[in-house]
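Asks: My questions all concern the structure below.
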Amino acid sequence: MKEIAVLGAGSWGTALSLVLADNGHKVRLWSHRKEQADEINQTHQNLKYLDVTLPSNIVAYSDVESCISGVKAIVIVVPTKAIREMCKQLNKSIEPSIPIIHASKGIEPVSLKRVSQMISEELDDYKYEDIVVLSGPSHAEEVALRHPTTVTVASLNSEHAKLAQDLFINESFRVYTSSDVLGIELGGALKNIIALGAGISDGLGYGDNAKAALMTRGLAEIARLGTKLGANPLSFLGLSGVGDLIVTCTSVHSRNWRAGNLLGKGHKLEDVLKEMGMVVEGVRTVKAAYQYAKEENVEMPITEGIYQVLFEGKKPNEVVEQLMNRSKREEMNDIAHLLYERYAR
Ligand SMILES: NC(=O)C1=CN([C@@H]2O[C@H](COP(=O)(O)OP(=O)(O)OC[C@H]3O[C@@H](n4cnc5c(N)ncnc54)[C@H](O)[C@@H]3O)[C@@H](O)[C@H]2O)C=CC1
Ligand SMILES: O=C(CO)COP(=O)(O)O
């Protein structure tokens with residue numbers, strides 16, 4: 001049994017706390033809102049985010065310093081936009097030797113930084129190499145029901161990756177390890193853009209053919225950008241690549257899919273985000289990916305189209321027309337091509 005701090009009491013922080021609690025650990029679940037922490041401790045529920053009763057080995061905190069004091073590992077799972085602010089609070093009291101596992105899926109616009117990069121930038125004395133990312137096809141709602149789920153934990157520090165695997169693995173939550181931090185983080189973040197697209201397509205009333213096309217060509221875009229940045233192309237065929245892409249594009253649990261669905265039905269982004277009431281990471285990540293693609297000269301027409309719908313007022317059906325009328329070309333399966341280039345020649 002270990003004491004573990006989980007920072008971020010939304011859907012995913014609550015579900016990951018349940019996994020740790022099932023494994024016999026004592027969990028300190030931090031919320032930045034005192035009323036939420038009080039409610040969790042009084043009712044043993046966190047109903048706005050997850051419909052589940054929490055066991056007594058999950059205790060909520062609203063003071064970050066006492067939450068992390070003496071713990072054996074810290075799990076960071078706040079929305080990407082809150083990562084820097086959260087780390088600034090941690091900086092005052094964190095011991096640099098404590099393993100950090102993050103489970104947030106996003107890229108910061110403008111700086112184009114991944115979550116592990118932001119964490120290591122904000123925490124003095126904390127090395128990027130030691131951070132672990134946890135990602136994969138894992139909707140909180142199903143994890144809370146103990147439905148079979150698989151994820152990957154990646155770190156350049158293999159000891160930390162193994163420690164994260166040992167903390168979380170159990171009979172309904174299977175955890176693999178990887179050393180490709182870049183690929184695992186990018187796969188988890190970029191699939192949210194394609195899930196917005198899948199939702200838009202469904203909202204427009206297009207069927208399975210269109211969605212399959214978006215997912216396949218979307219994966220090609222993810223892999224194209226990811227490998228350009230140095231990720232291993234094989235990672236995009238794994239749990240945090242194609243696995244997370246499938247689950248997010250096809251599930252009603254996905255907030256990115258649901259937001260896209262409303263956009264496809266003609267609702268305004270501002271109203272959609274109000275209605276969701278939970279984080280829709282793809283909205284910020286598409287800004288970052290669009291900027292990356294322009295700067296690095298990477299062809300990402302689906303990402304560009306979704307950016308245009310979200311931020312340039314383009315109508316979803318116009319974007320579909322634009323995608324369908326691109327110049328004729330040979331199908332190049334980017335991942336197969338990248339693998340061939342890297343391994344077969
Ligand atoms: N919900 C899911 O099934 C999964 C979510 N994720 C990722 O986990 C991360 C968190 O997502 P969810 O828990 O689902 O979000 P959520 O929308 O359910 O909850 C977000 C939580 O963050 C808190 N928060 C908001 N601003 C904050 C700030 N400035 N400082 C500290 N806390 C703040 C909110 O009060 C809330 O408790 C995201 O990056 C998401 O992509 C990853 C895998 C699965
Ligand atoms: O990442 C997720 C499942 O793996 C959750 O996706 P949403 O943020 O779209 O709900």
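Here the Cβ of each residue, glycine as well, is placed from N, Cα and C on the backbone.
The active site, proton acceptor annotation in TrEMBL covers Lys191. The NAD(+) binding site annotation in TrEMBL covers Gly8, Ala9, Gly10, Ser11, Trp12, Gly13, Ala140, Arg255. The annotation NADPH binding site is assigned in TrEMBL to Ser11, Trp12, His32, Arg33, Tyr49, Lys105, Ala140, Arg255, Val279, Glu281. What TrEMBL records for Lys105, Arg255, Asn256 is substrate binding site. Residues or ranges marked as sn-glycerol 3-phosphate binding site by TrEMBL: Lys105, Gly136, Ser138, Lys191, Asp244, Ser254, Arg255, Asn256. Marked as domain 'Glycerol-3-phosphate dehydrogenase NAD-dependent N-terminal' by TrEMBL: 3-160. TrEMBL lists 180-321 with the feature domain 'Glycerol-3-phosphate dehydrogenase NAD-dependent C-terminal'.
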Asks: Report the binding-site residues (Ser11, Gly13, Tyr49, Gly136, Ser138, Asp244) that meet this criterion: Cβ distance to the nearest atom of ligand 1 under 6 Å. Use sequence order and write none if nothing qualifies.
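Replies: By the Cβ criterion, which requires under 6 Å to ligand 1, the hits are Ser11, Gly13, Tyr49, Ser138.
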Asks: Tell me which residues of the chain lie with their Cβ under 8 angstroms from that of Tyr49 (NADPH binding site), as long as they are six or more apart in sequence?
Replies: Ala9, Gly10, Ser11, Thr14, Ala140, Met278
Asks: Let me know the most crowded of the binding-site residues, choosing from Ser11, Ser138, Ser254, Asn256 and counting other Cβ atoms within 10 Å.
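Replies: By the 10 Å Cβ neighbour count, Asn256 comes out on top.
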Asks: Filtering Ser11, Asp244, Arg255, Asn256 (binding-site residues) by proximity to ligand 2: which pass a Cβ cutoff of under 6 Å to any of its atoms?
Replies: Asp244, Arg255, Asn256
Asks: Are there recorded positions among His32, Gly136, Lys191, Asn256, Val279 that sit within 10 Å of Gly8 (NAD(+) binding site), Cα to Cα? If so, list them; otherwise say none.
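Replies: Taking His32, Gly136, Lys191, Asn256, Val279 one by one, the ones whose Cα falls within 10 Å of Gly8 (NAD(+) binding site) are His32.
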Asks: To which of the recorded positions His32, Lys105, Lys191, Arg255 does the lowest count of other Cβ atoms within 10 Å belong?
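Replies: Fewest other Cβ atoms within 10 Å, among the recorded positions His32, Lys105, Lys191, Arg255, is found for His32.
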Asks: Measuring Cα to Cα, how far is Val279 (NADPH binding site) from Arg255 (NAD(+) binding site) in Å?
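Replies: Counting only the Cα atoms, the answer is 7 Å.
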Asks: Averaged over the domain 'Glycerol-3-phosphate dehydrogenase NAD-dependent N-terminal' (3-160), what pLDDT does the predicted model reach?
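Replies: A mean pLDDT of 96 is what the model gives the domain 'Glycerol-3-phosphate dehydrogenase NAD-dependent N-terminal' (3-160).
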Asks: Please give the NAD(+) site's span as the largest CA-CA distance among Gly8, Ala9, Gly10, Ser11, Trp12, Gly13, Ala140, Arg255, to the nearest whole angstrom.
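Replies: Across Gly8, Ala9, Gly10, Ser11, Trp12, Gly13, Ala140, Arg255, the two farthest Cα atoms sit 17 Å apart.
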Asks: Fill in the CA-CA distance, His32 (NADPH binding site) to Gly13 (NAD(+) binding site), as an integer in Å.
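Replies: Each residue's Cα considered, His32 (NADPH binding site) and Gly13 (NAD(+) binding site) end up 12 Å apart.
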Asks: Please give me the recorded positions out of Trp12, Lys105, Lys191, Asn256 that lie within 10 Å of Ser138 (sn-glycerol 3-phosphate binding site), comparing Cα atoms only.
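Replies: Those close enough are Trp12.
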